[in-house]
Structures are given as C-alpha cells and as structure tokens.
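Student: Sharing a structure with you now.
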Amino acid sequence: MTLNPSTLNNGTLGDLKEHKDVVLSSNAQTDEKRFEEPSLEVGGSLAKVENGLSTSISSSASNLEGQQAPFFTKQNSCLSRFRELAQTYNIHEINLEEYVSQIKEVKQSLYSDDSVFNESKSSSPPDAHTDKYFTPCGSPTKLIHSTLLEERDTPSSLEHVSFYLQESAVSEVRFDKPSNNGPLGRSSLNLSSLSHELQTSQDSPSLSATNQLSSSDTLEPLQYPPSSFGSQRQFNASQDSPKRSPSKGSWSSILRRPSLTYSPKRQSTGLHRRSLTNYFKFPHRNAHQHNAIAHNPSVFGKPIGDLTSDPTNLCKFTFPTPECAPPSLLLPHIFAQCVHFLSLNALHVPGIFRISGSGPVIKAITEYFYSPPHFWLDETSEIFKRIGFPSYIDIAAVLKRYIMLLPGGLFTHKDILNLLVPLYVDSSRVKVPIDIRNEMAALCFSQIDSYVRFSILCSLLALLHQIATRTQELENGMENTKDSTLMKPEALGIIFGPLLLGNSSTDLSKSCPSGNVNDLMRFETEKARVEAKIVEGLIIHWPEVLLKINSLDIPNCFSDVGLTDQVAIFTPAVPKEDSPEQIPENVNASEESYPNVKHISKLPLINDSSDNESGNQENDDAVANESTKVVVDNQQPQPKISTVSDTAVPSMSFANNISSRSVISAATDSKPSTRTSPPFVNNTKPIVAKSPVTVTASSETNKKSQKINKKASPRVSLWTKLFGKFRSNKKKS
C-alpha cells in the first residue's frame, strides 16, 4: 500500500493517522509469519539445553552428595557423641552471648567516696545508666544526677554515639531514652539533618521545634539547653567548670588552687584547630577495610580466598616435630613457610606474636609471595636487600596477619565456639574430667568446614604449644620471672582468642542484648576473656587433644582430605641473604694469605754505633719477622693490614733514641726464658745485651734532657703572665 500525494494533500490529519496504523499492523503480521517457525525451533532447542543442563547438574549434585555422604555421616556421628558425653556429665549447652550477658560485673566508681557525690546516692538514675554518674562531652569528671538530669544525658545506644562524638564541647545535646521498638533505636540516623538542626537552633530556638524528628522515629525531640556560659547552675556540679576553678593563665590562679598539682582544663570553644595531617585523612579509605583487603589480589600475592581453595597454592606439610601435629597437613605455602621457620628458630624470642614487626618487610612478604619456586628466592631478594631481611618478629606478624584476614577465622562460624564454651568456663572445670574434656574438644574440631582450615588450626596450636613449653623451660632457670617478656599460654590466648572467628560478618557484638555503650564494652571484654581462656586451655592440653584427634580419626571427617596426595610436598625456603666473605679463624700469617707481610721486614733503624751491632743485621731481621708473625696470629683476621715503610724513623733527640734502644735490650734480658729463638734462622752471632749500668745512665740522661726541654719550652701560661711577678716577689721576701 502506497500513499498518493494528492490524497495526502486533500486528506486530513486523522486520515494520516489511520493510514499509519494500518501500515504498522500489516508489517507486524508479516514479521510474525516470517519468524514464526524459527522461533519454535529456537524455543525447542533452548528447552532441550535447559533440560540437559538440569539433568547434568542434578546428576553431578547427586554424585557429589554420594561422595560426601560418608564424611557427613562421620561428622554427624562425632556431634552425636559430643552430645552424649555432655548429657552424661550434665554439661549444659551454653551460648556465648548468653554466658557473657549473665556475668555480673562489680561496678566501681573513682568518686564513690567523694563528698560531691553524696547527694547522688539517694537519687535513682535512669534505667539506661547504672553507674550513678554521667559523663558529658568535653569533661572527664562524673556529674551527679540531681543537677544535670534536665540538661544532659549520655547516649543510650550505638546509633547516638556517632552523633554524640561529632558535637562540639560547648553545645550540649540531650538524648532521651529510646522507645520500645528496639534497643538500638532507629536503623539509620541522618547526621546531616541533625547537624543542621544543631546549627540553626542557636540562632532561632523556635525553628528547632518545627524541625524535630517525626513520630515514627524512635528518638524523642532533642532539647537544646542555653549556652555553656549562660547559667551558673548548669556547671555547678562540674569540677572542671570555669565557675568553680580559675583560669589556668591568670597569676591569681596559682594562689587559689586547692593543690599544687591541680591544673584545670580550659573550657573548649568548640572550634577544632586543623592540622596538616587532617587534610590527608579521607574517610573513604577506611570504609569496608577488611572486605577490601580480603579481596585484594596484592595481599599475599594472590587473593586470600584462593590460597585456601586453589590446590596449586597448597602443599602437603609435615610439622618439624611430628608428635605435635597430625601426620599430613594441607596448608597454603606462605602459612607453611612461616610455621616451619618459627618452629625451628623462634621459640625463645621474647614478645613473639605480641610485638608488631617492620611494616615494609611485612608488606613486601604479603605482596610478593607466590607459589614455589619463587617465594623468597627470586622476586623478593632485591626487595629485601633494600628494606632488610625478615626477622622472627616479622615472620610471626605475617602469620598473624594471615589469620586475621582469613574469612571466618579459625572456626568459620560461632556454633563451634559455642560448643567449646561450656568446656573451659570456671563452673564446668570441676564437673568434667580432663580426659573427657579433651575428647569433647577433639570432637568439636570435626565440625570445621574444610581440612585446610583444620590443618591451619592444628599447626597453629602445635606452634603455640612449643612456644609455651620453651617459655616454661627458660623461666625455670630464671631467678626472677616477674620481668620476663617470654610468651606464656595466657599471653598467647589473649592474642589469638579474638582471631577464632576472624573478621567474619557474623560478629558476636551485633547480638548484644542491650544497646548501651557501657554494656557493649563489657560484653566485648567478657567475650574476649572467654575466647582467650578457650585458646589457653587448648594450648596447655594440646598433646592430649592431639591423641584424641588421632584416635577418633578426625581428619577423615573432611571431604577435601584427598587433596593431600595431589598437591606438592612442602619444601622449606630460607631468605636469600648475601652474607659477606668471612676469613677462617685459624689462618697462618704467611705471605700467601697476607702478601703485605713482606713489607714488615725491618724495625726502624737506630743510629747507634757500637761494637755489639756489627754483623747483627741478619739477627735483627729474623727477630722482626718472628715478632710480626706472633702479632698477626694474636690479632683478629682482617682483609687489610697497614704496612710499615723500611725507612728509618727520625728521633726527637739522640738521648731518646738511646733510651728506646736500652728499653728493648732490658726487655730481652729480663725474661730470657719466655723468648724463644725463631726457627729456620742461621744464627751465626748471638745477640749481646746492654749492661745494667748503661741502662741506668741512659735513663738518667733521658730524664735530664726532658727537664731541659721543659725549661726551654717557649710556652707560658696565662696564669704565669698575670701572677708570675707576684709569686717571684713573694719568694724574695
């Protein structure tokens, strides 16, 4: 169908629209007829592909389930055995959150006996605070409830803290108790709107009421008190307020201070003085830091997830002391290198795993470490030459960083940690025998997700047990162990206790029953204490736990245990350090090893003509050669030896030259037994010594010549110039 221009000119706009609709409908019908049969064919092929994929996936899944079925059944049998033992010995399953929340802390205040807070004992504080004191922003003292209940209150949830810490020291904002919707209040808090309200409320207090939060929010409207310097009653109870204590800069404040050591702080103006380092601190750098590190390919040479999943990054590792770990472990290369090196060399190092190593060295190891044969041998040799070779502390820091960045930590999930809680708390130690507790701990290890993680945990506990044993041996030989910095099981438990779960998303602090900041801090402290106690118990009783692991055949509970026969065997690598050339200790001072010795052939000549010196030049040369050999043998071997010229050394005077000659002759005569004749020397004429009379005469002449030189010296001190005439007149009188 075509359009006629005459009809287009004579027609209307409605006719044109109708014609357009007809053309589009006809084109659509032709397209449907054209692609009708191919679409059916494509649809049939897609359906066939989908059916094939589904059947292949289902078959592979069934095969995988069939292969992993025996491992799952063994894990379930270990778990059922654990519950049977718990029921037999009346061990109740205690959750870590429940156990920590039930602990009653003894709350003490530093100002409990102060007379200022006697009034607060009668008044009842709000429900969110049980310490009977409030701590406002910018003041370190405790303020009583009776005077500041209407003006100030501490935040009652974590959501309030972010805004509470950003406010200035002058503006005082009150956070009321949250509603019953939840302990943490709102899920999100708009800090920008609240900061805008804080800025506009001081100029127009009436506008603050209109800009309050809606009724759906859990927070009640904020109340802004008057200025900090407006009312005296507001700071009546504060010990650091300018109303009670004078200013620090005035002279009269020294006399009016209650004590010499009292120095009150000035009231903050609310203005933060910026420094140069503030402009280089960006908040987006630290956002999601642990997640970015876990997926960063520059950490440990490869992504840390690939180090535990890729078989090319794993090796079959045997612990240096086989009785401390299972026979064959499956470890990443870098972890195996660190464990092997520390187990052989660093058991006695004080503060190991506690002291942080060198940052550049640790970064070089974590960034440039690859699978063999490259690690520490090729790529990083030039780097270590510039920044220094790793020490024991650096390698221990690399091992600790690996565990910190490992997703899920050592246990993967908190259910395994909850199984170990009733075994190492104080109330259950009396009830459960040691043998049963070790067996139950070994059964808990069977619930780990992979054999690689199980190998990491076993090798780490074996290393920590070796360090604790070596520490005990060294401290037994010490008289005073109070100042010892060696690592005991308690210290190692404090370090590795929080690393049981790592930086996993299932953090136990999120399940705190209360949103109060003080309660959360106590919760985290108690949680770390329980975790440290668990690690400490595992370190102390690790040999017994290992016996139970081997007897129960725990390694066969993991489906990836077969990879130990497919990966490469561990080969230890040592940093390639270019040590300087060392000269052997027992080296004969010959002319071949020391070519410069031939220049030290003669002593300085003496201009003394006597009857005994004729024909003795050969003997003097022989004595000189023998003396130089003895001196060289007694000294440390050095690559370079200074030479002495053959020319005669000019003497200061003839008397001094004679005295030196006499001293040499006296030394030879005084100890004739110690002096041995040099071998392989043709002694035709014996050496004749000087007489004792000559020695005394030469010494007397030497003294006289020294006195003459002193008297004839032109040096005159300033004292003699000023007071010499006075002293001479005094002698004459």
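Glycine residues also receive a Cβ, built from the backbone N, Cα and C atoms like all the rest.
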Student: Swiss-Prot annotates one residue of Thr130, Thr141, Thr210 as phosphothreonine; which residue is it?
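Tutor: Of Thr130, Thr141, Thr210, Swiss-Prot lists Thr141 as: phosphothreonine.
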Student: Give the range, chosen from 36-55, 56-75, 116-135, 616-635, that Swiss-Prot lists as region 'Disordered'.
Tutor: 116-135
Student: For which of the residue intervals 670-691, 692-713 does Swiss-Prot record region 'Disordered'?
Tutor: 692-713
Student: Taking the Cβ of Arg354 (site 'Arginine finger') as the centre, count every other Cβ atom within 10 Å, in any protein chain shown.
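Tutor: I get 15 for this one.
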